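Novice: Not my notes, these are from TrEMBL:
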- 21-39: transmembrane segment (TRANSMEM)
- 80-99: transmembrane segment (TRANSMEM)
- 114-322: domain 'TLC' (DOMAIN)
- 120-138: transmembrane segment (TRANSMEM)
- 158-181: transmembrane segment (TRANSMEM)
- 193-210: transmembrane segment (TRANSMEM)
- 216-236: transmembrane segment (TRANSMEM)
- 248-270: transmembrane segment (TRANSMEM)
- 290-309: transmembrane segment (TRANSMEM)
Amino acid sequence: MRFRRKNRSPPLLSHEFIIQNHADAAYFLVMVVFLGLIVESLGKVRGIFIAMQYNVTYTIDDNSEQFHFYDYGPKDFATIFFYMLVAINLHAVIQEYVLDKINRHLHLSETKHSKFNESGQLAFFYLFSFIWGASILNTEEFMMDPTSLWKDYPHSRIFQVKFFYICQIAYWLHALLELYFQRIQKEDIPRQLCYICLYIAHISGAYILNLQRLGLILMVPHYLVELIFHASRLFYFSDENNQKGFTIWALLFIMVRLLTLTLSVLTFGFGLTRAENPGFSIADGNFNVLPVRIGCLGAVCLTQAWMMWKFINFQLKKWREYVKRIFNETGLNDSRLFFQF
């Protein structure tokens, strides 16, 4: 695999050396794990990195049919680390073979170039995650019965759900490292760091607290909205007159915020409150107690309120820019222009 060409050889283990060679180092580590497949004595070690851990098999009554579920534990850190390395490799491939080639034709400014790369990477990720998450929802039919969000809590993880969450956590941890590897501009770091940490906190919380069904149902529409936004931004950079996608995004953004709040209140405020097995047990994965429910609902509500605040400020900023542009073109004063709208 060929990654970004190096124009010079920086000092060994310097910041520049790490930045230039981080994708090659991640690729080397991934290959080391795969080469371990050849050596039988390393079977248990390699399995910790590649395979899903903590497989639990159930047999109902006298039925010979077995059901395989997955718990979580410390070994998941090794699995997350491996798939984080895979995400770093995929990031490098998309950057070099897709985004860099498009950037050469667009001739964007430094600021737009950085935002184009950010949206390009996220658009690929959101598209993949939306399709994968929607297929799981369709297969398991979680959307057909709203009571499945709290019925039989704590829920046992099937392979697809656990693998989905492992990959999600791995991707957003990789995104933290890319803030350094991609030399993100200082003024953009707080914004990106904020939403990356929110993703890690919410997805990890749903995974640890056995709320994976609720988390999955909330992630899929959210990822669709984010996909539309970043795809619209990519089209905007290629043609600034192409802004129809932002209108669709704005409408869906508000609808998804309402859906998130509705399902969260329904689950934490009503469903889990009336669940048959309330209590707190780390061994059983049962966190259905009032402080946890209030904490989760509060975290969701505060996050949605923060997102709406950012959304309103974004729309007001765009409105001011639009009014200013019309004012410059027509020569009308602000008050006359306001009444025309």
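Even glycines carry a Cβ here, placed using N, Cα and C.
I would like each feature placed in context: is it buried or exposed, what are its neighbours, and how far apart are things?
Specialist: Nonlocal intrachain contacts for the transmembrane segment (80-99), taken as residues 6+ away from its ends with a CB within less than 8 angstroms of a stretch CB, comprise 1-4, 22-23, 26-27, 29-30, 33, 49-50, 116-117, 120-121, 124, 166-167, 169-171, 173-174, 177-178, 181.
Cβ atoms under 8 Å from those of the transmembrane segment (120-138) belong to residues 91, 94-95, 98-99, 102, 160-161, 164, 168, 171, 216-217, 219-220, 223-224, 226-227, 230-231, 234 of the same chain, restricted to positions at least 6 beyond its ends.
Long-range contacts of the transmembrane segment (158-181) within the same chain: residues 18-19, 22, 52, 68-70, 72, 76, 79-84, 86-88, 91, 125, 129, 132-133, 136, 139-140, 189, 192-193, 196-197, 199-200, 203-204, 206-207, 212-213, 215-216, 219, each at least 6 residues beyond the stretch ends and with a Cβ under 8 Å from a Cβ of the stretch.
Outside the transmembrane segment (193-210) by six or more residues, the chain places 72, 153-155, 165, 168-169, 172-173, 175-176, 179, 216, 219, 285-287, 292, 296, 299-300, 303 with a CB less than 8 A from a CB of the stretch.
Same-chain residues lying 6+ beyond the ends of the transmembrane segment (290-309) with a Cβ under 8 Å from its Cβ atoms: 198, 201-202, 205, 209, 211, 257, 260-261, 264-265, 268-269, 272-273, 280.
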